Amino acid sequence: MSPDLLGALLVAAGYLAGSIPFGVVLGRLVLGVDVRTVGSGNIGATNVARAGGKKMGVLVLVLDAAKAIVPILVARRVLGGTPHAEFWVTAVAVAAFVGHLFPVWLGFKGGKGVATGLGIFAVLAPWAALAGLVGYAVAYGLTRISSVGSLTGTALCAAGGFATYGPRHPVSWAGLAIALLIFVRHRENIRRLVRGEEKKV
């Protein structure tokens, strides 16, 4: 099998892995609720924490990050040393992220991508991920508003990706695209922030 065909198959697998809706699955199995019907209706860690407590929220956060981390690590191992390996590994990362936002299992209606994006940066640009985590902690600590922390951390991750790789590397542009999509998915949160109506967590 050619490396490019293998890369394409890994991209498809990355999308399917990213599509696993851990928030919905654990909500039903552990909490007995569909998290899409409570709180904000989002399937991510913050809304799961609202429905089932902080421990459940942390578990979903870890799993949503892992569903990007695992496909990326597999792609690195399988494609390491082959032509275009960097491109395909980055494509697998983006596919996992897109899977979370548009999961085939939920009619393409998914989450906002913060945890999955963090998982991607943790593997491809660890220092950027660290900057994002610090940014989240500081912004959330000052405001007690989850979306402010998430957006701050996302912006720092994207900036850190460019600082790590420069403007010509696929990871830099993938990171920027991921950050822009996260901001788009938070557009209602941003509107509420502007109006002073965003809830504290």
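The backbone N, Cα and C atoms fix where each Cβ goes, and this holds for glycine too.
Annotated features in Swiss-Prot:
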- 5-25: transmembrane segment (TRANSMEM)
- 55-75: transmembrane segment (TRANSMEM)
- 87-107: transmembrane segment (TRANSMEM)
- 118-138: transmembrane segment (TRANSMEM)
- 164-184: transmembrane segment (TRANSMEM)
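Counting same-chain residues at least six beyond the ends of the transmembrane segment (5-25), those with a Cβ under 8 angstroms from any Cβ of the stretch are 34-36, 42-45, 47-48, 60, 63-64, 67-68, 70-72, 74-75, 78-79, 82, 84-85, 87-88, 91-93, 95-100, 102-106, 110-111, 116. Outside the transmembrane segment (164-184), and at least 6 residues removed from its termini, the chain residues within Cβ reach (under 8 Å) are 86-87, 90, 93-94, 97, 101, 112-114, 117, 120-121, 124-125, 127-128, 150-151, 154-155, 157-158, 190. The list of residues near the transmembrane segment (55-75) in space but at least 6 beyond its ends in sequence, with Cβ under 8 angstroms from a Cβ of it, reads 7, 10, 13-14, 17-18, 20, 22-23, 26, 30-31, 44-46, 48-49, 88-89, 92-93, 95-97, 99-100, 111, 115-120, 122-124.
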